[in-house]
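**Q** Okay, so TrEMBL annotates it like this:
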REPEAT    91-111  repeat 'ANK'
REPEAT    125-158  repeat 'ANK'
BINDING   393-397, ARG515, 569-573, 593-598  ATP binding site
REGION    737-793  region 'Disordered'
REPEAT    793-827  repeat 'ANK'
REPEAT    892-925  repeat 'ANK'
Amino acid sequence: MENIIQQTVQDAIDAADLEQLAAIVLNGEGKQLIGRKSEQSEIQAFLDNVPAYMGKIRRVHLAAREGSLRDLQSALDRRKFATAKDEVSPHGATPLHVATIFGHAGIVRYLAGRFPETLSATDDDGRTPLHYAATLKDNGHFYNLLTHLGANPKVEDNLNHSAEYYLGHVQSQGILSHRQLLRDYGAKEELADEMLNDQVPDDLHSARRPLDDVDTLTTLERCFKIIHEPIDDLVKAVGLPTNSVPGSASSLRILITSYLARFLKRSVFDKVKKRQTRLDHNLFDVIWPAMKKATKEKRLDEDLNVGIVIPDYDVFVVFQEFLVPLIKDVHCMEATQPFMPHPAMQYFPRYAINDQQPETGPTSATSSNGNILRENPDSVQLNLDTSGKYITGCVIECARNLDAYEFPLNLGIAQLEQVERVITARVLSMDFVRAIGETELGTYYSMNEILENPSEIRTVLATSGLLIPLLDNTDPYQTAESIAINGRYWPYGRGVYVSVDGGLAVWVNTQDHLRLLCCTESKDPASIGAAYSKVGRAMNYLEEWIQFKHSYFLGYLLSRPSFLGTGLKFTLTLVLPHLRKEQENLRHLCVVRGLHLLTDDGLPSVRMCNMRSLAQTEWQLFQDFSSAITNVVALEKELSMSNSLHIAATLLRIFQLGEQQVEIPLFRTEEGRYLATSLGDPLIKGLTEVANKRPPDPITYLANYLFNFANQKSKTVRKESDNDTNNNFIEGSVKQAAEKELESSSKQTIQPEPVQGTVAPAQPMESNARDENQPSPDEPDLVPAPSDDRDEHGQSMLHFACARSHGRNALIQLIEESGTNITYRDELYRTARDVALQATQPDNAKEIDRYLIGLVAKGRCSLHIAILMENEDIVDYLASNFKAALKIGDNLERTPLHYAMGVSNVEALSRILIKNGAKRVLKDLKGRQPSYYFMNKADILRLQEEEKE
């Protein structure tokens, strides 16, 4: 055998095969070339350098054994040395094999990450580094690390065993073990136990070895310093302005770091900073969201509102000293309160009170103890704001993770595909469609379709509030953050299912395996009961078919700590002009009610969501959240009423004559309260209109305004009576809570302001925003004031003109220049057209007909035209007050929404239309839905040019 090797070496030298000679050196047989000679200068130069090559390869192996990353990097000046073998390492092992045996994680990450070819390099027995990693009793830490970096667990050695086989240490003990490998390397077998030790009691979750990466430890110390940095210094460091709004993006980092400082004390930090999970995640992988700068996608920062993210399930155990008190605080639990078993999922209790069966039998409606048997357990009807004045939107989210898979962050391509198949197989079934109360299957879109620019479906989801925060993977500033949240394979294996009506979306493999979002209808944004019912029925169905990851104490495990437990999050958008004047008071008001407040810079609305989702059932969360929101809305109403009462008292002072101090019994406290409730709102708004418009006849103007206000209010009352089908139990509990809240708040916080002297009404009026739903006397659909262009018999100049003959187009010119209303009727109920026919002037009647036909020759109504002109104010007014116009089609049955999708200001106009009830699925005569014109704008742009001409 030796002679054969010698002959092979000599043949390579004689043939001047430099590549074969290099392979001999890299295979650990370099000593065969020492002392050899060649007549070719190039070959001889290589042979002279063989001892130097062998020396560098040996230094690489020794550095891998000793764990010196710096020495390894200095010796590794040629890429092929990363897979080179040396006789100092038995069995033909490579440096990665050696680093794996001796447990040096830093070198393993460096070699496997920088030189992927080392993952597939084999020793003399055909074993890869992954085979060696499988023998370590480190809870699979190195095995998971190498697999995540790209190692193939299916590769078999010379005994036809894959790396997975050696994970079962009992069955493979006699073939290959960690102790045996250490013995072969001349090390003590006890080193196998010394290098690994439990980090937590009964350790099945950590890497069982301390973090040895100096750079990572240095980074963690810097993070700890930032977290505990004094607020004043931190304000200067991030350049926070003095007038920064709490909760804004600029102040979010300060709020989060100061929050984490409460739980990450020095003693806790020193205890957990060197720990790693078996999936190779350390403390920095948990707290990095608190360290980063505010991202362009502010909603992502709001999603990670406690400054941490959970990269894998083992984090809850490995970093429990840090996470347990934080989780308790996030979910409004006392720090000393032990975790109780999380209750089973319960969206719809059969009995409305105490969940006890009635004593009189299952068919009874009530029992002696007050229990109420709910006729439709899975259908809840609750509207938190029937007036539509305070709540403008509602989104409910429920998240889940599959039991058999890690978070999407840690999954490979094959596993991402498997999770996607499992979830889509359920949501793309008719059983799921029936569960959510629909009749047709929705559509599943891949993540690439969502991330396209422009993307029609992304616009639709954003309009409905169902678009989750997404990072731009092509933006270099967001790439690192995207990888930290979504993993290396984003956006592969991700997508979203959207229901037919567009009110429900199921996101797949986006931070969690499943994120189900549901919004209320645009015409009834406060109807939280219907949205809750749809989410509940959907989750009950999915629970029957899919096994989700669940913990005895923490409920459903999720990557966002604020979702732990039920995974349920209610988010309402509210307009609270009075409460928002005192931002800090509003924030405190929310905290004591278990609500998290979110503000948007420059927007009058706020968003509120539930803080707690742990240790309670879904039904309890729904009740508590509904009660809290009802309290907040009631306080806003109370402040509005208190303000009206104050203004009424001010007006009384103004209208009193001189110094006459005559008591008027009508304005005592009880009567004054009645007047403020019944007349305060319309009177104040009317006076505000008068002050703003300054009409020539203010008394007539005010009278018309109050008349129109009464008509509008009567319509609203009828609408509210039609919608008054709320769930009895919820309604009762919410009302009772609201009454108690109002009673306490009226005694403590809301005191009528004392009136001293004469107060000018301008300032109180300016503080009241005009109700957009109330029409103004200047608007065309109200009762007009007497006009000067008609005589005492009700005849206009057009009536007189129609009684005589005229030249061509004269009558039309008269109508256009004078602006006379052609619908005016005189005292005999005749229009101008009727007068023309009675005066035997049929040509005049034809002229009026021609004028009318010309107005609608193109089939467009006023809402179509306003959209083509892109006038948001007019579109908002028409869509809000004349909802029938939303369904009117032009000559090709294109609705206003079809038009809106084709103009440049599509987002603002479509949001207005959809909010007021425009249907996204209506088709024109060519069978095209509005979304068609979002991608094909030519037709609408041509109409726009035509209208502008």
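Sequential numbering from 1, following the chain as shown.
Even glycines carry a Cβ here, placed using N, Cα and C.
TrEMBL annotations: computationally assigned, not manually curated.
Give me the local environment of each listed feature.
**A** The list of residues near the repeat 'ANK' (91-111) in space but at least 6 beyond its ends in sequence, with Cβ under 8 angstroms from a Cβ of it, reads 27-28, 60-61, 63-67, 69, 72-73, 82-85, 118-119, 121, 123-125, 127, 129, 132-133, 136, 138, 141-142, 145-146, 149, 178, 181-182, 184-185, 187, 191, 195-196, 207, 209, 211-213, 276, 280.
Sequence-distant contacts of the repeat 'ANK' (125-158), counting only residues of its own chain at least 6 positions beyond either end whose CB sits under 8 Å from a CB of the stretch, comprise 91, 94, 96-97, 100-101, 103, 105, 108-109, 112-113, 116, 118-119, 164-167, 169, 172, 176-178, 181, 192, 196, 203-209, 276, 278-280, 410, 412.
The Cβ of LEU572 (ATP binding site) lies under 8 Å from the Cβ of LEU384, ILE391, GLY393, CYS394, ALA526, ILE528, ARG607, MET608, CYS609, ILE629, each on the same chain and at least six residues away in sequence. DSSP assigns LEU572 (ATP binding site) to a strand.
Beyond its flanks by at least six residues, the repeat 'ANK' (793-827) meets 833, 835-836, 839, 841, 843-845, 847-848, 850-852 of its own chain at Cβ-Cβ distances under 8 Å.
Nonlocal intrachain contacts for the repeat 'ANK' (892-925), taken as residues 6+ away from its ends with a CB within less than 8 angstroms of a stretch CB, comprise 392, 459-460, 462-464, 500-502, 521-523, 525, 859, 861, 863-864, 867-868, 870, 872, 875-876, 879-880, 883, 885-886, 931-934, 936-937, 939-941, 943-944.
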**Q** With DSSP assignments reduced to helix, strand and coil, which class does ILE396 (ATP binding site) get?
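**A** DSSP call for ILE396 (ATP binding site): strand.
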**Q** Which whole-number mean pLDDT does the model give the repeat 'ANK' (125-158)?
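**A** 94, rounded to a whole number.
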**Q** What three-state secondary structure does DSSP assign to LEU597 (ATP binding site)?
**A** strand
**Q** Let me know how many other Cβ atoms fall within 10 Å of the Cβ of ILE396 (ATP binding site).
**A** 24
**Q** Per DSSP, what is the residue count of the repeat 'ANK' (91-111) in each of helix, strand and coil?
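**A** Residue counts for the repeat 'ANK' (91-111) by secondary structure: 16 helix, 0 strand, 5 coil.
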**Q** Provide the three-state DSSP residue tally for the repeat 'ANK' (892-925): helix first, then strand, then coil.
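**A** So the repeat 'ANK' (892-925) is made up of 15 helix, 0 strand, 19 coil.
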**Q** If you count Cβ atoms within 10 Å of each one, which of the binding-site residues GLY393, LYS569, LEU597 comes out on top?
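**A** Top count of Cβ atoms within 10 Å goes to LYS569.
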